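Before I ask anything, let me first share the structure, which is written out below as structure tokens.
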Amino acid sequence: MPSLSEAYRAHPVHVNHKHPDFNSLQELPESYNWTHLDDHTLIDSNNIMKESTTTVPVIDLNDPNASKLIGLACKTWGVYQVMNHGIPLSLLEDIQWLGQTLFSLPSHQKHKATRSPDGVSGYGIARISSFFPKLMWYEGFTIVGSPLDHFRELWPQDYTRFCDIVVQYDETMKKLAGTLMCLMLDSLGITKEDIKWAGSKAQFEKACAALQLNSYPSCPDPDHAMGLAPHTDSTFLTILSQNDISGLQVNREGSGWITVPPLQGGLVVNVGDLFHILSNGLYPSVLHRVLVNRTRQRFSVAYLYGPPSNVEICPHAKLIGPTKPPLYRSVTWNEYLGTKAKHFNKALSSVRLCTPINGLFDVNDSNKNSVQVG
């Protein structure tokens, strides 16, 4: 079975750039200056709280109506936050501490674990960087499988405790992701038994995942810098833990960019492209970006969750019929990563079969229209 790492190796990212020492920069370099930005102001958190229609839904997983609430959030937002999710606060603090410790290392030390162009694991810039003319005020560390080799380079004398945190975090996140997957499917009238690759225990034990540690250093000119440029995730879903520094924004039709405020103990869940496909477009993947702060450093940890890399994903049979044809063709995560590497945010459009027009479907449509996301 092809692994997620092999899928990334098949689509190398060639960006001839190494991170500067962000802390030493007193001015924003031209290569990081996004001068064309005209909507680059964080929405005031007080205004968000007053306007409930512009607040990302927060869902208590102990609520007996959690599945219904999640379905509504997925349909209308493509993103939601969860509380009472079962992940110990101490573990969330441990993984944040690991990220802060890693990104606080001297530049020469971090570069010992640099991700290779055809690799997925290690330290480096955002994989989406090649699609933009300017660089992002960002550094990341991706983990697929064991982090042992890279952590030995970073902490020769003390790597085991860092590895232990990653293993524990991965195990607990995989369980939570499976739970969220079941709730999202249930909201569509689909049971986990309806998913052939769910495994003998119907617990999605064969699912693939990657862990992404993100750092957004304080920036001398945040109004003209971009932490992470707008994109959707290729996943089924992405679970994000963030520190107390705002910056994550999601795009919602009619509202523009909406800030997702950090909640202590809360986790952000993004709908990804593969669930967009599985739901036949009912649950759109969310377009999101990250802005930076003048005086504070933002950290986040993303758990990128998807199917086994060679399993074909298509609109589920329960969601299609004579008046509801499939909008997307079958695609594996492995193949879709290649499509994403080539077409980026037009990847969904490239696997579309037909487009609804005034409530009807043009089955002869050949990817003529762009995908509306958010």
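Just so it is clear, glycine is given a Cβ too, placed from its N, Cα and C backbone atoms.
Found this in Swiss-Prot, in case it helps:
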- R298: active site (ACT_SITE)
- H231, D233, H288: Fe cation binding site (BINDING)
- R298: 2-oxoglutarate binding site (BINDING)
- 206-307: domain 'Fe2OG dioxygenase' (DOMAIN)
What is the set of residues, excluding H231, D233, H288, whose C-beta falls within 8 angstroms of the centroid of the C-beta atoms at the Fe cation site?
L228, P230, T232, T238, N270, G272, S285, V286, L287, R289
How many neighbouring Cβ atoms, not counting its own, are there within 10 Å of the Cβ of the residue listed as 'active site'?
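The answer is 24 other Cβ atoms.
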Given the binding-site residues H231, D233, H288, state which is nearest to R298 (active site) when distance is taken between Cα atoms.
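Of the binding-site residues H231, D233, H288, H288 has its Cα closest to that of R298 (active site).
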Return the average pLDDT for the domain 'Fe2OG dioxygenase' (206-307) as a whole number.
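When the pLDDT values over the domain 'Fe2OG dioxygenase' (206-307) are averaged, the result is 96.
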Select the most exposed residue of H231, H288, where exposure means the fewest other Cβ atoms within 10 Å, treating these as the binding-site residues.
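Result for the binding-site residues H231, H288: minimum number of other Cβ atoms within 10 Å at H231.
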How many helix, strand and coil residues does the domain 'Fe2OG dioxygenase' (206-307) contain under DSSP?
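Output for the domain 'Fe2OG dioxygenase' (206-307) reads 9 helix, 45 strand, 48 coil.
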What same-chain residues, at least 6 away in sequence, bring their CB to under 8 Å of the CB of D233 (Fe cation binding site)?
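Counting only residues 6 or more apart in sequence, the Cβ neighbours of D233 (Fe cation binding site) under 8 Å are N270, G272, D273, S285, L304.
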